[in-house]
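Student: Dropping a structure here in structure tokens format, bear with me for questions.
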Amino acid sequence: MPVSQSRARARDRNNVLNRAEFLSLNQPPKGTQEPRSSGRKASGPSTQPPPSSDGARERRQSQQLPEEDCMQLNPSFKGIAFNSLLAIDICMSKRLGVCAGRAASWASARSMVKLIGITSHGIPWIGGTILCLVRSSTLAGQEVLMNLLLALLLDIMTVAGVQKLIKRRGPYETSPGLLDYLTMDIYAFPAGHASRAAMVSKFFLSHLVLAVPLRVLLVLWAFCVGLSRVMIGRHHITDVISGFIIGYFQFRLVELVWMSSNTCQMLISAW
């Protein structure tokens, strides 16, 4: 036993690492355990921050976007062209609206310009046509007037239906008048005064024998009616152009369903 103890002491003495100045080499550094454990903790799944609810909601909404919204991010050539024409239409209509308000450059001429538009209103034309129909004594005159009355009623119903469907506002905030409410001419597209002026002008040029100066004046009247509606800020330029086109097709439709003299006499007698 003493021999074994002496051998163990000699072995420890011979081992250089057991000396006091080398004991620190056998022990791991004090700061190494914590970084490893902290790194191990950081790499673990339990320490990952939970995803924010806002980010998850945005990703969910982006996955549920309809195709129309995705297509708006990459508009087609037709969409770009349409938006460009629409912007030009609004800009030009606002520039031509020189009588749109009291502070406009031509505000003093607003009453006169508005009077030009009233010459193509539906109520005066329907009332005047009925009055002429009552006083007419010829079959040919009654036939023309009855078909003109049909065309005017068709124009009012067509314009009111399209305006109710489109519901486009004018370039300026202008409230419709009492006569506009009676004819349901509330919105901007299409321009009812312009369609009526075009239809009546074409009707008179086709069924009345007029001199050349009167024909020119009739065409100028229709053009001035459309321009007056833009000047007072009631319609856009495209509204007036569309009104002219609709008025022409209304005339063509009345020509197709033209009522004969016998039909007109039957309706007059029933009335």
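Numbering starts at 1 and runs along the chain as displayed.
Glycine is no exception: its Cβ is also placed from the backbone N, Cα and C atoms.
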Student: Determine from Swiss-Prot whether CYS224 and MET112 lie on identical sides of the membrane.
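Tutor: According to Swiss-Prot, CYS224 sits on the opposite side from MET112.
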Student: Mind checking which residues of the chain, 6+ beyond the ends of the topological domain 'Cytoplasmic' (163-202), have their Cβ under 8 Å from one of its Cβ atoms?
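Tutor: For the topological domain 'Cytoplasmic' (163-202), the sequence-distant neighbours (Cβ-Cβ under 8 Å, at least 6 residues beyond its ends) are 90, 93-94, 97, 100-101, 117-118, 120-123, 125, 148, 151-152, 155-156, 218-219, 221-222, 225-226, 228-229, 232-236, 238-248, 250-251, 254.
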Student: What mean pLDDT does the predicted model reach across the region 'Interaction with MTOR' (70-91)?
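Tutor: Taking every residue in the region 'Interaction with MTOR' (70-91) and averaging pLDDT yields 75.
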Student: When you scan the chain for residues with a C-beta under 8 Å from the transmembrane segment (142-162), skipping those not six or more beyond its ends, what do you find?
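Tutor: For the transmembrane segment (142-162), the far contacts come to 122, 125-126, 129-130, 132-133, 136, 183-185, 189-190, 192, 195-196, 199-200, 203, 207-208, 243, 246-247, 250-251, 253-254, 257-261, 264-265, 267-268.
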Student: What same-chain residues lie close to the topological domain 'Cytoplasmic' (261-271): Cβ under 8 Å, and 6 or more beyond its ends?
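Tutor: Here the qualifying positions are 133, 139-140, 142-143, 146-147.
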Student: Looking only at residues six or more beyond either end of the transmembrane segment (240-260), which have a C-beta under 8 A from one in the stretch?
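Tutor: Sequence-distant neighbours of the transmembrane segment (240-260): 143, 146-147, 150-151, 154-155, 158-159, 162, 189-200, 202-203, 206, 222, 226-227, 229-230, 267.
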